[in-house]
Amino acid sequence: MTLNSSTEDGIKRIQDDCPKAGRHNYIFVMIPTLYSIIFVVGIFGNSLVVIVIYFYMKLKTVASVFLLNLALADLCFLLTLPLWAVYTAMEYRWPFGNHLCKIASASVSFNLYASVFLLTCLSIDRYLAIVHPMKSRLRRTMLVAKVTCIIIWLMAGLASLPAVIYRNVYFIENTNITVCAFHYESQNSTLPIGLGLTKNILGFVFPFLIILTSYTLIWKALKKAYKIQKNTPRNDDIFRIIMAIVLFFFFSWVPHQIFTFLDVLIQLGIIRDCEIADIVDTAMPITICIAYFNNCLNPLFYGFLGKKFKKYFLQLLKYIPPTAKSHAGLSTKMSTLSYRPSDNMSSSAKKSASFFEVE
């Protein structure tokens, strides 16, 4: 694309060097359909997660705080998804004005950072709870968890500011359509490269390394605990869960991160081949569907690793309201934290039985 100086009606006019890139009839049908499915499943699932954690489980643990915020971040994003579905169904014609363009774009960016940061904190919390249960008890408090979530929301908001500032409505003169897009002037290459690298590094590389390290250390601690506790049967499900969590995160986000960076190179004119631009523009919405569908399933995925979460979730589906009896098991909850200081490795093996309990 080449920026033009014309700004009639307050909308900048640009030329699209590859006007047919990513414009395929199957994309205009398939992607809105997938967005609609993600919207329905995500709103339903994440709303139930919020109700279960807040009203049934009463938000009593660190893990539940992170999961609640994860579900809320997903709901904020999902509310803007119908706009993107309409936008794609209308063959990338944006009818909602510049303000909604910025808000919807910021919501997508915010969800990316908030979800990734929360999953990273959740992995650190699991590491501390399982590997260092005694040492971390004073640090793993509800106050610390809530303050951490506030910081995460602020950081995600700051990381989303470029979408508010630089995402705008543009009129493409050679195709006569109005789009909601990032557009960079070719002479200013520092900004888009900086934003692209920030998204790649801050939104994926660093979090993935922390998540990988946390669960690897958990894996090693549990293996060591099982060797010491020879009479304790090894729970292979825990190791499968760890592997699934790491791979789930990696393969959900890698495609989107790769094509995001390629898109920056196209915007800068470093990649000028329209065939490559077509591949990138066609694949981009598909990678978005993969990343954000998995993102919206995360609260359910992590929640269902806890037995009591599944119990309350099924109660909710059966329209059984939360009662005082639902929270009578406080001694059971506290027992998972009552370890003898001299029995740290033994407690790791015991703790693996409730690897992701959020109650």
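Glycine is treated like the rest: Cβ placed from N, Cα and C.
Under the heading angiotensin II binding site, Swiss-Prot lists Gln15, Asp17, Arg167, Phe182, His183, Tyr184, Lys199. Here Arg167 (angiotensin II binding site) comes close to Cys101, Lys102, Ser105, Ala106, Cys180, Ala181, Phe182: these same-chain residues lie at least six apart in sequence, with C-beta atoms under 8 angstroms from its C-beta. Mapped onto three states, the DSSP output places Arg167 (angiotensin II binding site) in strand.
Per Swiss-Prot, the feature compositional bias 'Low complexity' maps to 346-359.
All chains included, 18 other C-beta atoms sit within 10 angstroms of the C-beta of Cys18 (disulfide bond). Taken from Swiss-Prot, the feature disulfide bond applies to Cys18-Cys274 (among others).
For Cys180 (disulfide bond), the count of additional Cβ atoms within 10 Å of its Cβ stands at 23 [all protein chains shown]. Look at Swiss-Prot and you will find Cys101-Cys180 (among others) tagged as disulfide bond, backed by sequence analysis.
The annotation N-linked glycosylation site is assigned in Swiss-Prot to Asn4 (among others).
Per Swiss-Prot, the feature N-linked glycosylation site maps to Asn176 (among others); the stated evidence is sequence analysis. Spatially close to Asn176 (N-linked glycosylation site) yet at least six residues away along the chain is no residue at all, judged by Cβ distances under 8 angstroms.
Positions annotated as N-linked glycosylation site by Swiss-Prot, on the basis of sequence analysis: Asn188 (among others).
If you look up Swiss-Prot, you'll see 339-359 marked as region 'Disordered'.
This prediction places the mean pLDDT of the topological domain 'Extracellular' (1-25) at 66. Sequence annotations record features per position, and here Swiss-Prot assigns topological domain 'Extracellular' to 1-25 (among others).
The topological domain 'Cytoplasmic' annotation in Swiss-Prot covers 56-61 (among others) and rests on similarity to another entry.
Sequence annotations record features per position, and here Swiss-Prot assigns topological domain 'Extracellular' to 90-98 (among others). Helix, strand and coil content of the topological domain 'Extracellular' (90-98), in residues and according to DSSP, is 2 helix, 0 strand, 7 coil.
According to Swiss-Prot, the feature topological domain 'Cytoplasmic' maps to 126-141 (among others).
Positions annotated as topological domain 'Extracellular' by Swiss-Prot, on the basis of similarity to another entry: 166-190 (among others).
The topological domain 'Cytoplasmic' annotation in Swiss-Prot covers 217-239 (among others).
Marked as topological domain 'Extracellular' by Swiss-Prot on the basis of similarity to another entry: 269-278 (among others). Counting residues 6+ beyond its ends, the topological domain 'Extracellular' (269-278) has Cβ neighbours under 8 Å at 17-18, 20-22, 186, 262 in the same chain.
Under the heading topological domain 'Cytoplasmic', Swiss-Prot lists 305-359 (among others).
On a Cα basis, Cys18 (disulfide bond) lies 25 Å away from Lys199 (angiotensin II binding site). Within the same chain, residues 64, 67-68, 71-72, 74-75, 78, 81-82, 84-86, 88-89, 91, 282, 285-286, 289, 292-293, 296-297, 299-300, 303, 309, 312-313, 316-317, 322, 358 sit at least 6 positions outside the transmembrane segment (26-55) and bring their C-beta atoms closer than 8 Å to a C-beta of that stretch. The disulfide-bonded residues examined here are Cys101, Cys274; by Cβ neighbour count within 10 Å, the least packed of them is Cys274. Secondary structure of the topological domain 'Cytoplasmic' (126-141), assigned with DSSP and counted as helix (H, G, I), strand (E, B) and coil, comes to 6 helix, 0 strand, 10 coil. Set side by side, the binding-site residues His183, Lys199 differ in how many other CB atoms lie within 10 angstroms of their CB, and the most is found at Lys199. Between the CA atoms of Cys18 (disulfide bond) and His183 (angiotensin II binding site) there is a gap of 14 Å. In the structure as shown, the Cβ atom of Gln15 (angiotensin II binding site) sits within 10 Å of 13 other Cβ atoms.
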